[in-house]
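Notes follow once the structure below has been shown.
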Amino acid sequence: MQVGKPILYSYFRSSCSWRVRIALALKSIDYETVPINLIKDGGQQFSEEFQALNPMQQVPALKIDGITIGQSLAIIEYLEETRPTPRLLPQDPKRRAQVRMISDVIASGIQPLQNLSVLKQVGQENQLTWAQKVIRSGFNALEQILQSTAGKYCVGDEVSPPQAFPQEPSPSTPRAGAGQRASGGGVGVGRGAKVIILVPGPPYLILRCLLPAGSPQ
């Protein structure tokens, strides 16, 4: 049972946090935000207080219904199961599997490999090459997948979690405008570009991910 407003621990540059914020907005869930600055003071996520909340020391974390959930996909699925209207996952099992596959491609196959924590280990001289290779190969794969799944959106004609998956912006992430293809740092996908454009960049570009082709920007 919900006790008070949900509390989202978030950082404004975190695309993982943005996915949860988009899902909360789509479901019209009122919540409070507690900012966790990933840079200030050496990273506020490393504080003892936040580590007690989320042992992975990552954002987002959502306090809701008497529990705390980390990991954006787990949060979105919990919201879907407990607050199913409007629906974010298709009813058809095959389409549900496609939604989860596309979400995992981005959340597991692209984002972590070019995130700042990884880039620091790669070394300054190799960061740009590494990040571009990971992003390009991931977007190329995503583009091929969406050729067979897309309607107005990533999977069919309903909004689903992949629409809430902008790519994590990092200092080495190439910037792209809507309509650029994977080689340019973004991806325009299948069936006459009738689906979303995933674009690395600042938050205002994320809103494009929720609009069908031809919608006013």
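Cβ from N, Cα, C; glycine included.
What TrEMBL annotates here:
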type	residues	note
DOMAIN	4-87	domain 'GST N-terminal'
DOMAIN	92-160	domain 'GST C-terminal'
REGION	161-186	region 'Disordered'
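Residue counts for the domain 'GST N-terminal' (4-87) under DSSP, split into helix (H, G, I), strand (E, B) and coil, are 35 helix, 16 strand, 33 coil. Residues of the domain 'GST C-terminal' (92-160) grouped by DSSP class, helix first, strand second and coil last, total 54 helix, 2 strand, 13 coil. When pLDDT values are averaged over the domain 'GST C-terminal' (92-160), the model yields 87.
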